[in-house]
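A.B. asks: Annotations per Swiss-Prot:
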{"type": "BINDING", "residues": "28, 115, 160, 290, 322, 327, 330", "note": "2-(N(omega)-L-arginino)succinate binding site"}
{"type": "ACT_SITE", "residues": "161", "note": "active site, proton acceptor"}
{"type": "ACT_SITE", "residues": "282", "note": "active site, proton donor"}
{"type": "SITE", "residues": "295", "note": "site 'Increases basicity of active site His'"}
């Protein structure tokens, strides 16, 4: 049965009924109720601003505030009852407020549009959620730094192109993934200020005709600033897209780390073992222990990036100010927030319970990883690096042709490649000394890795 338009907040203009499917299609109540707390808080502040301008009396203000407090309690206790006619959380709250206090509830919307109301709610919600997810990033960084500090003496093969490259500390590898997350933390903190800008008082698009005190509203709601153009205030969703970009970057960083751990946990590598708490088995192969937590983290990164791209495409063709297309911002935002929040917490659990296998890690260290060190040995004796690179490469080929390892070549073998090789060349084939030579800022020497750990710790205080 078609729903009468006259019952709608906007129904006075219409004489015909709304098509039932259109009525459902138009709703955003189930996604929008995520912001029920913010909607009530915003309405309380706006009611006070109206009272300041004598649009409503003190008595009416008190009645509205008491009604809103009851609505707040009903939402918090799960007792708020949604009606089929509720189009969104704003209309649901106004309908319930009217039931509680009568027609005076209709004064609350004076000078206010759902356009500035919804973006106020959304900004308040996102400000709260940014503070929440910030804690999850910090907790993950703490786990990374604690683990790196404890296991700083473990040396492994580093990889480029997924081929063994040079020795590095395990902790250096961990810090290579922690530092991008530290960058994410910085971006999140910068983003907060851009989200924390007041749109309320912008009206539908042209501003508020009752001269409400927007500075009062800013302070009352805890915003850091005020959006200075009313058209921009109601039509802007950059803050949503920017958060979703942030979430996408976090998930990208999580995905790359997850991929490394998936590889390192395989039988072929065996560097790490996941806790049972973050693994699953096979329904047919009893021996299997699958890194499902890591695979899901990798998979969900695509989901969050898809949320961001989808909203950007939705917004890109919309005309200036508010359009109904913008109703489609909430579901991808809420999904991206939940996914990135859950993922950060899951990864924190994975890293904190991970077991490293030092024997397997040590087996990845082979003399060919020190070919660059062999070239640098000759550099220290005065030869140009391009020449020493070629000589070291010839030594690698010689070892391969003799089916032996680089460290097994005799001094005379090496001297046949260049006379500057001497007995002290044996010192090259020491993995600990190799990593300690990489001692400039950002290197894999022990004190450099400790500096990286302290850099992160000082940033998350």
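Residue numbering: from 1, along the chain as shown.
Cβ coordinates come from backbone N, Cα and C, glycine included.
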A.B. asks: On the three-state reduction of DSSP, what should I expect for residue 160 (2-(N(omega)-L-arginino)succinate binding site)?
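C.D. replies: Strand, per DSSP.
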A.B. asks: Using a 10 Å radius around its CB, how many other CB atoms surround residue 160 (2-(N(omega)-L-arginino)succinate binding site)?
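C.D. replies: So the Cβ neighbour count for residue 160 (2-(N(omega)-L-arginino)succinate binding site) comes to 8.
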A.B. asks: Using C-alpha atoms only, work out the spacing between residue 322 (2-(N(omega)-L-arginino)succinate binding site) and residue 295 (site 'Increases basicity of active site His') and round it to an integer in Å.
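C.D. replies: Residue 295 (site 'Increases basicity of active site His') has its Cα 39 Å from the Cα of residue 322 (2-(N(omega)-L-arginino)succinate binding site).
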A.B. asks: Including all protein chains shown, what's the count of other C-beta atoms within 10 A of the C-beta of residue 161 (active site, proton acceptor)?
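C.D. replies: There are 6 of them.
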A.B. asks: Can you tell me how far the Cα of residue 327 (2-(N(omega)-L-arginino)succinate binding site) sits from the Cα of the residue listed as 'active site, proton acceptor', in Å?
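C.D. replies: So the alpha carbons of residue 327 (2-(N(omega)-L-arginino)succinate binding site) and the residue listed as 'active site, proton acceptor' sit roughly 44 Å from each other.
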A.B. asks: Might you list, by sequence position, any residue in that chain lying six or more from residue 295 (site 'Increases basicity of active site His') with a Cβ less than 8 Å away from its Cβ?
C.D. replies: 258, 262
A.B. asks: Near the Cβ of residue 322 (2-(N(omega)-L-arginino)succinate binding site), how many other Cβ atoms are there if near means within 10 Å?
C.D. replies: 24
A.B. asks: Could you check what DSSP calls residue 290 (2-(N(omega)-L-arginino)succinate binding site) once collapsed to helix, strand or coil?
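C.D. replies: In three-state terms, residue 290 (2-(N(omega)-L-arginino)succinate binding site) counts as strand.
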A.B. asks: Check residue 327 (2-(N(omega)-L-arginino)succinate binding site) against DSSP and tell me helix, strand or coil, would you?
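C.D. replies: Residue 327 (2-(N(omega)-L-arginino)succinate binding site) sits in a helix per DSSP.
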A.B. asks: Within 10 Å of the Cβ of residue 327 (2-(N(omega)-L-arginino)succinate binding site), how many other Cβ atoms can be counted across all chains shown?
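C.D. replies: By my count, 17.
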A.B. asks: Do you know offhand how many angstrom separate residue 115 (2-(N(omega)-L-arginino)succinate binding site) and residue 161 (active site, proton acceptor) by C-alpha?
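C.D. replies: On Cα coordinates alone, these residues lie 51 Å apart.
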A.B. asks: Whole-number Å only: compute the distance from the Cα of the residue listed as 'active site, proton acceptor' to the Cα of residue 290 (2-(N(omega)-L-arginino)succinate binding site).
C.D. replies: 24
A.B. asks: Find, among the binding-site residues listed as 115, 290, the one whose Cβ has the highest number of other Cβ atoms within 10 Å in the structure shown.
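C.D. replies: Sorting the candidates by Cβ neighbours within 10 Å, the top entry is 115.
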